[in-house]
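Take a look at this one; I'll ask things after.
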Amino acid sequence: MNTEPSPNHYSAISSSDQNLTRRSGNYQPTMWDFEYIQSIHNDYAGDKYMKRFNELKEEMKKMIMAEGSQELEKLELIDNLQRLGVSYHFKHEIMQILSSIKQHSTPADSLYATALKFRLLREHGFHISQEIFDGLSETHTKDTKGMLYLYEASFLATEGESELEQAWTEKHLREYLKNKNIDQNVAKLVHRALELPLHWRMLRLEARWFISFYKKRQDMIPLLLELAILDFNIVQAAHIQDLKYVARWWKETGLAENLPFARDRLVENFFWTIGVNFLPQYGYFRRIETKVNALVTTIDDVYDVFGTLDELQCFTDAIQRWNTDELDNLPDNMKMCYFALDDFINEVACDALIVPYLRNAWTDLCKSYLIEAKWYFSKYIPTMEEYMDNAWISISAPVILVHAYFLIANPVNKEALHYLRNYHDIIRWSALILRLANDLGTSSDELKRGDVPKSIQCYMNEKKVSEEEARQHIRLLISETWKKLNEAHNVAAHPFPKMFVKSAMNLARMAQCMYQHGDGHGGQNSETQNRIMALLFESIPPA
């Protein structure tokens, strides 16, 4: 669908009749400068702690595979391994246990055990029907832990799974919190689930929080706690090395210095990549994706804040044709942006066959930015359909995930390239969640800057409803889109590697994290600052 307004909605705007006083985003300087990043020291770098870590890992494997454990004990151990952030060390053991449970399990009489089994099996790609809950949910309303785990399991639902609707479990959990004599450990988990469900949370931040929570539990396993703390700190040290590398690259580009109107958010851009893939062996992935994020943020501000419409048309033409002749009439800092992007693509695409896919993704992004610029300069308020058709591209998720595929896939699959170019549902639904979460978190600030209306304002204008009603509608759309993303994740008939699918899911999770308390990307709110400090700059003391 053509998402541009019809010609009568705006007249041609030329540089001569535009006010060339440049807009300002009023963005604050970065909180973390180059010298600070390079000065960070982490005691867990190198091999100093690896011997002890490997000993703990071997002991943990024995515990996981120990004979005689009951099904529920195994499920609880797997759940703890996942929430503590160390399950990636035991993938084969976990899949072996879950495969056995799927094949030989008998129905549990506990809502808690059933919900835990359902969630873990679905998370690992096993088909399990919602019918497993038949007759259980209505008869176990006094089992608060069971209701909590059913609530968490419900977020793995796909479209049409009415048995897993969250409304009545949420109501029960909110009522539970009003009681005075309640289990404080359960209450903390309930509070956290109602704030944001586990399935939507950023994995590494959840591990950071859960380690502190697990440490205080009476059933804590000291071996597992020590392993989780060591793993967190060792992985954090690897992340810091990645950050130092991209900080040097960012400084060398000169973009922050020469484009003062743009957001200088390198650490936040790196934070995104940890959310998408934190695994220590994916350092190159994080380094390249941080560059993608930094370039996206800068080019977005060129369109949103700096460029005139004529300049943006020329810039888009240059990107579309990858021809420097289009740059002649552009300001030097816009030329610098173009060359930084072109250099980056040529650096990443070691295989010439990859270049067209990367360029196509960037072209689509810039064309979507241009559509929004035309809406802005003409003061046009798009319909909700027009906005959404363009906005899932302009949020940049397709660019991020196209790069992610080439960083993960080895070898590249021809069928996957077709799905990649046409933005498979896995990409589309992840992008839509990112867009809607972004709109909920940023629309107020962006409207103050004079940006194009977001989904909230488009819906308010079209349906003549209040802002709160529009926000509630956007929250509902996010929930429905998660069901579609769950379905796309479960479908076996796609040629993408599992790690790519996980990255797409994690991008949606990262969106929920970054915009949970407002604009955590551009606005540098205290919540995001604290999360970055906890994840990157503060090691966990030994237990």
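Note: Cβ is positioned from N, Cα and C throughout, glycine not excepted.
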State the residue range annotated as motif 'DDXXD motif' by Swiss-Prot; the candidates are 80-84, 300-304, 435-439, 485-489.
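Within the set 80-84, 300-304, 435-439, 485-489, Swiss-Prot attaches motif 'DDXXD motif' to 300-304.
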Based on Swiss-Prot, name the residue from Arg263, Arg321, Arg421, Arg471 that is recorded for the same (2E)-geranyl diphosphate site as Asp300, Asp304, Arg435, Asn438.
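Candidate in the recorded (2E)-geranyl diphosphate site: Arg263.
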In the same chain, which residue numbers or ranges, 6 or more beyond the ends of the motif 'DDXXD motif' (300-304), come under 8 angstroms Cβ to Cβ?
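For the motif 'DDXXD motif' (300-304), the list is 25, 27, 259, 261-263, 312, 315, 334, 337, 366, 369-370, 372-373, 396, 446, 449, 451.
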Excluding near sequence neighbours, so keeping only residues 6 or more apart in the same chain, what lies with its CB under 8 A of Asn438 ((2E)-geranyl diphosphate binding site)?
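Within the chain, Asn438 ((2E)-geranyl diphosphate binding site) has Cβ neighbours under 8 Å at Ile395, Ala511, Tyr515.
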Roughly how wide, in whole Å, is the group Arg263, Asp300, Asp304, Arg435, Asn438 that binds (2E)-geranyl diphosphate, by largest Cα to Cα distance?
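Greatest Cα separation within the listed binding residues comes to 19 Å.
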Including all protein chains displayed, how many Cβ atoms other than that of Thr442 (Mg(2+) 3 binding site) lie within 10 Å of its Cβ?
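Result for Thr442 (Mg(2+) 3 binding site): 21 other Cβ atoms within 10 Å.
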